[in-house]
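Heads up: the structure comes next, in C-alpha cells.
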Amino acid sequence: MTTPANAQNASKTWELSLYELHRTPQEAIMDGTEIAVSPRSLHSELMCPICLDMLKNTMTTKECLHRFCSDCIVTALRSGNKECPTCRKKLVSKRSLRPDPNFDALISKIYPSREEYEAHQDRVLIRLSRLHNQQALSSSIEEGLRMQAMHRAQRVRRPIPGSDQTTTMSGGEGEPGEGEGDGEDVSSDSAPDSAPGPAPKRPRGGGAGGSSVGTGGGGTGGVGGGAGSEDSGDRGGTLGGGTLGPPSPPGAPSPPEPGGEIELVFRPHPLLVEKGEYCQTRYVKTTGNATVDHLSKYLALRIALERRQQQEAGEPGGPGGGASDTGGPDGCGGEGGGAGGGDGPEEPALPSLEGVSEKQYTIYIAPGGGAFTTLNGSLTLELVNEKFWKVSRPLELCYAPTKDPK
C-alpha cells in the first residue's frame, strides 16, 4: 500500500509555533557600539549545564540547540539517557550533536588565557574549602564545650534523692533520746509563729507540734509548763521540735523536695466520730510521697500529745508546783503554777507516747461527696490525689478511731 504524495509532503512540513510566527530577526550591530553585560549573566551563558563549569569543546544538539561540553554530553548519552539533559528532547546518539567552533572562539575571545582562568578557579575553591573546614572545626569545638558545660551544670544541680526525708511525714523514726540535749532551743524554734514547713510526722519519742499543721481549735506547738522542773525541757525538745539532726548553718540552701507538695484538709468522720474536744478539723501540708500510714501515725501522735498537754495543764498546782493549798489563781495548775521549783508534791507519771501506732486511726475519703472509701495504708498521697480526688483544690480526708486496732 502506497502513501499519497500529499501525506508525505505534510509530514515534512515544519509547523511553526505562535512565537515563531511573530518573531522578527534581530538587526546586526555593524558600528562600534559596546553593550555592557554583567558577569553573572555572561557566566550563565558560558556554563555547561552538566559540569557547571565553562564550556570546553562545545557540542550543540541539532534538535534543541542546547550547548554542552563534549565530554559531558557524550558521557550522558553513554549512561543510557538518550535525551537532552536540559529539555529532555530525544537524542538518538552522537549523530544528534554537532561541534560549535564559533562558540569556542567567542569564549577564547572573552577569556584569552583559559589555563589562567582555571588556575584562578582552583585557588578560589581551595581557599573556600579551607575556610569552610576551619569554620566547621571551630563550630564543632564550641558546640562540644557548650554541651560539656551544660552537662556539668546539670550534674551540679541534680538533687540527691531522699536527702530531706527526715523532716517530712515520710521520714524514718528517730531514736527516743534525740531531743534531750537541746530541749530549750528546739522548743523555742518550734513555736507556732515560726517559719512554715512540712513536718507532719515526728520521731517515735516526740510529738507533732510543727508549725506547718494548724487545727480548727488552735493547736499548740509545745509545752508551756513549769520552767523549774527538769523534764519540762526534755519534753519541749522531744515534743515541740521534730528535727532529726544537727541544724543547718545560717545561709545554707535547704535540700529540694523529693516530690510535689500536697495540701489536705483532715476532718473527723461525720458518722463514726462523736463530737468532742479532739475532733477538730486539721490542715496539713506535706509531700506527695507520704503514705496514709504516715497520716495515721501523725494523727495518733498529735492527739496523744494534746491530751498529755491538757493533762499537765489541768492538774492542781501544775507539774512541780508550789503551795497549792494557798488558793488563788496562782495555785491552780497550768502555765503559771509550775515556776515554784521542786518543793511541791512529786509529779505523777504522764501517759507515754511509745505505744502510739498508725493502727489507732483509719483514714477515709469521699470522692464524689457520697460514700466513704477506706484508704489502704501503703497508698501515697500523690496516688490518692490522682486516683480518687482529681480536682484542683486541697485533698479532703476523714479520720475515725479504728474499732479493732491490731
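Cβ coordinates come from backbone N, Cα and C, glycine included.
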Record-annotated phosphoserine (source Swiss-Prot) among candidates Ser170, Ser188, Ser211, Ser229: Ser229
Record-annotated phosphothreonine (source Swiss-Prot) among candidates Thr168, Thr215, Thr243: Thr215
Selected residue, Swiss-Prot feature phosphoserine, from candidates Ser190, Ser194, Ser212, Ser324: Ser190
Selected residue, Swiss-Prot feature phosphoserine, from candidates Ser163, Ser232: Ser232
Swiss-Prot annotation, phosphothreonine - which of Thr166, Thr220, Thr326, Thr373: Thr220
Per-state residue totals over the zinc finger (48-88) - DSSP helix, strand, coil: 9 helix, 9 strand, 23 coil
Rounded inter-Cα distance in Å - Ser38 (phosphoserine), Thr24 (phosphothreonine): 25
Local backbone state of Ser38 (phosphoserine), from DSSP in three classes: coil
Least buried by Cβ count (within 10 Å) of the modified residues Thr24, Ser38, Ser140: Thr24
